[in-house]
Amino acid sequence: MTELKNDRYLRALLKQDVDKTPVWMMRQAGRYLPEYKKVRAQAGDFMSLCRNADLACEVTLQPLRRFDLDAAILFSDILTIPDAMGLGLYFAEGEGPKLKRPITCKKDVDNLIMPDPEGELQYVMNAVRTIRRELKGSVPLIGFAGSPWTLATYMVEGGSSKAFTKIKKMAFCEPQLLHTLLDKLADSVIDYLNAQIAAGAQSVMVFDTWGGVLSPRDYKDFSLQYMTKIVAGLQRSYEGQKIPVTLFTKNGGQWLEAIADTGCDAIGLDWTIDMASAKARVGDRVVLQGNMDPSMLYATPERIRQEVATILASFGKGNGHVFNLGHGIHLDVPPENGKVFVDAVHELSMPYHV
């Protein structure tokens, strides 16, 4: 394999010395970039873009041409697994993801296909292989999947939700059925991420977007225990290289200590938690990723730089920080503000690594 020219991100995840704090942005490839919109139009629809390895590679690389990012992240969607399980993923204009055949009963769970990463999901692995080749060792490639709980919310609700009544009804009225579903999803995520690692992903991330809608007890029962299972099942080294894993629960600040106990290498933080208090709570057990409010990218360059400086000071000196937004970049953010953000992280973090 090609030697990495910039391994700052991987070094930070392994708590090794870096010259400056590494930075990437969740959803860095996407609709805020005019060049992305052109490729998306060329593909016809979102899933056609995901299924075309060359186009998925192109949009993955686009932000790296604009910004001095320390990592690339696979362009895909967390709902590829439910789609491959037979639920029929589609995107309604202006409404987000929908599933044609949501889960309503035990029979639906029993009938789920356990997807083969090199079968139904081979298009994702082809994209990973293509991106890894085209990166030519410039920066590492991050693979990812949704958490079992988050995937289950879409599979039971049939799409996005505000109140999560259907999945919570299942959790509280038929908990064993939900546990059966979550267990199947955990097994599928393990297979999927290990296949991404074999195809070339150098780090992986699990997105638990909706874990934060659960009570503390229910979070541990229905989300955290399945992410713990995933961490235990992942291939943590490949071809002599360690493969770090990051867990991210949006609105998960109250559970940092428990997330650190999963055995993950890093925890993603959203902007609702103070970086200094997060660091004080988990110590040096895990690396912290985050955590600027993505809406800060609407602000002036001066204000963006000020916020970056504040978060860097909050983390303080030393290693173990990957800078990121606290969630995905908004679709109407001016791209030039992304550059201000990335450049500010590199420039202002150098004194913390002397």
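Note that Cβ sites are derived from N, Cα and C of the backbone, with glycine treated the same way.
Quick look at what Swiss-Prot lists:
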BINDING   Arg27, Gln28, Ala29, Gly30, Arg31, Asp77, Tyr154, Thr209, His327  substrate binding site
SITE      Asp77  site 'Transition state stabilizer'
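Counted over all residue pairs in Arg27, Gln28, Ala29, Gly30, Arg31, Asp77, Tyr154, Thr209, His327, the record's binders of substrate, the longest Cα to Cα distance measures 23 angstrom. Between the candidate binding-site residues, Arg27, Arg31, His327, the densest Cβ environment within 10 Å is the one around His327.
In the shown protein chains, 27 other C-beta atoms lie within 10 A of the C-beta of Tyr154 (substrate binding site).
Shown are the recorded positions Ala29, Asp77; the one with the most C-beta atoms within 10 angstroms of its own C-beta is Ala29.
Distance noted between the C-alpha atoms of Ala29 (substrate binding site) and Asp77 (site 'Transition state stabilizer') is 12 Å. Between the CA atoms of His327 (substrate binding site) and Asp77 (site 'Transition state stabilizer') there is a gap of 15 Å. On a Cα basis, Arg27 (substrate binding site) lies 10 Å away from Asp77 (site 'Transition state stabilizer').
Under the DSSP three-state reduction, His327 (substrate binding site) is assigned to coil, being neither helix nor strand. Secondary structure at Asp77 (site 'Transition state stabilizer'), as computed by DSSP, is coil.
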